[in-house]
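Below is one structure; the comments refer to it alone.
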């Protein structure tokens, strides 16, 4: 049978008073007192200083800072790009700078050690700082400005020149080309670097190796890369070829440095117009990429969702996605030309209900779209991961665009794993994403994993270093605080839930799987908002009860008389005294179900202004009768003649209606009787039943066949092949898996599409239940792998977070 309970092994000590229903009133309002097992939300000594200090900041202050970043993007200045813009001469005279404000800003922003760039006490000298410093020196020398600054800058480069030759040091994209190009420019201006000629020769040797190396991508990708780092080639570059990459806004790749170099060599009016707009907007400094508002904001939205705090910024997120949607509809280059931006925009827009089709992703349908790009030349793992995740948001099994993207991106990611060239963190991320599809992950587990691996990233690297989202430290601090406060709520709920189990005498049932921690884990992992305590407890209680009476009907030691007695009692409901109990087991199971569902119905009536009791009882009766049919099939060794006969009963015996639907009435939304009878609601429930049954069957068929039970895998093998040979069983399993996946695609379309009478939060509950099924039944029956399941339960409810200290960021530019 389908274990409708999503639970496993192990219990924790029972404490607290006894209650029969849901949460007592005092637990439904606000957060309960802290519980010491997760005090602080993190283990001592695990959090960096900045985040630790932010944790004591009031939640509202953190939210205000994040909200400001969502409303107005702040970009960090790039000294490298600013230096190149500073080198552009006046339109009418090559003897004067076109952008003197950039020169002035460079003069005012040299560090005490003579360097320029993203530099702080927490960062050692790196190639980006070396590159930015030499670029600023060359820019100043070109206009004979700041001789003292130039001297200090040259001394810094000389002292740290070995960094440029260190192949283990993280390098900006194309560093060997751009750095050697600056050395050539400096030499042509009469500047002498205080380094040995052999060291300079080594830099040009590294440049030669980079230009000759067999990198990823194709000839087209190589041309695009060479154009992207065109400033490193100077007059040796074919600038007419480079200008083929000019965008509508006049830039090349939205890169100020590449565009500035093109302006110097071609005097193209559109490049100068782009640089004019850039300097008019930012003044002296310029960012490493512009525009990147949409990408930056989408990254922030994604970070908020991945860490579980997006609901606090619903209005701001909607504004950002509305803007992105308009850009998408107008086919704007900022979104459509950049692979990761386009992929992330599609994923977020689609999951938030915007009406977009995968047709706009068709230009990425073939692997050549990646191979021919700069991302392909660099074999960019992050871009491939974004494409692979996006490919999973299919609304139709016939969507060949997303299917193709998923196929080739997965293939390239697997090749990267085999190459052993990925960093430890990148390898871990790729392995995880490939192993666990989006529909087999649980929200709160994902939040924890993402919080613990969250990279505040003091700087990122393109051709030069720059800071990503400047709200990342606040995001992490708020996420840690929210996760901690949520855990304290879950822990109080668990204490109450354990006392409820004991009060119901469920622990006296020898045949039943009674595991409060695991059951409540599945509830907290999906209905995770602390304020939804009632909905969470209803799910835990109903899930536990359905598990118990699933075991009741599944247990060979329970007689047919007892099973019939239970069904008769449920049918009589309030008049059950007319029937009586034929055993202690029946009495315990019935009263646990009766008392709990009775209270759920009464509380739901207060929230919905209508009675739902008849529906609750009807669902309980239907599932009990369907379980009885399965028990009879097993006892008589009956095999249904068709899959239709099997599924018509199996969909009901899963009893999903009895534990997925009751929590819907406690989400703070009204669900009318008409809503519950609507086609959309019926389809959501039907798909949940089908997915639950098929996914369970595909993973538990071995032991069910041995136990003489009917299973869709067995039935499919008999129907298609007429036998149960290992080959037939494997073929049947593949078909069942495919059917489950197909139903999941249909479910995704229903949940993520706007329209229909069912509110999105209610539709999400069906989606989350299907994810629970895939999570617990992805590799054999989860009830038989207690260690991993218990670890996951502890991670959500009990164990403190473990964080990695972050670096810091420099000042910002408002966009």
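Note: Cβ is positioned from N, Cα and C throughout, glycine not excepted.
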- line: The residue range that Swiss-Prot labels motif 'DDXXD motif', out of 540-544, 545-549, 550-554, is 550-554
Message: Within the motif 'DDXXD motif' (550-554), count helix residues (DSSP H, G, I), strand residues (E, B) and coil residues, in that order.
response: 5 helix, 0 strand, 0 coil
Message: According to DSSP, does residue 696 (Mg(2+) 3 binding site) sit in a helix, a strand, or coil?
response: helix
- request: Take the Cβ of residue 554 (Mg(2+) 1 binding site) and count every other Cβ within 10 Å, whichever protein chain it belongs to.
  value: 19
- prompt: Taking the Cβ of residue 696 (Mg(2+) 3 binding site) as centre, how many other Cβ atoms lie within 10 Å?
  reply: 25
- prompt: In sequence order, which residues at least six apart in the same chain have a CB under 8 Å from the CB of residue 704 (Mg(2+) 3 binding site)?
  reply: 697, 710, 711, 714
Query: Helix, strand or coil at residue 704 (Mg(2+) 3 binding site), per DSSP?
result: helix
Query: Do you know offhand how many angstrom separate residue 696 (Mg(2+) 3 binding site) and residue 554 (Mg(2+) 1 binding site) by C-alpha?
result: 15
Message: Return only the integer: C-alpha distance in Å from residue 554 (Mg(2+) 1 binding site) to residue 700 (Mg(2+) 3 binding site).
response: 14
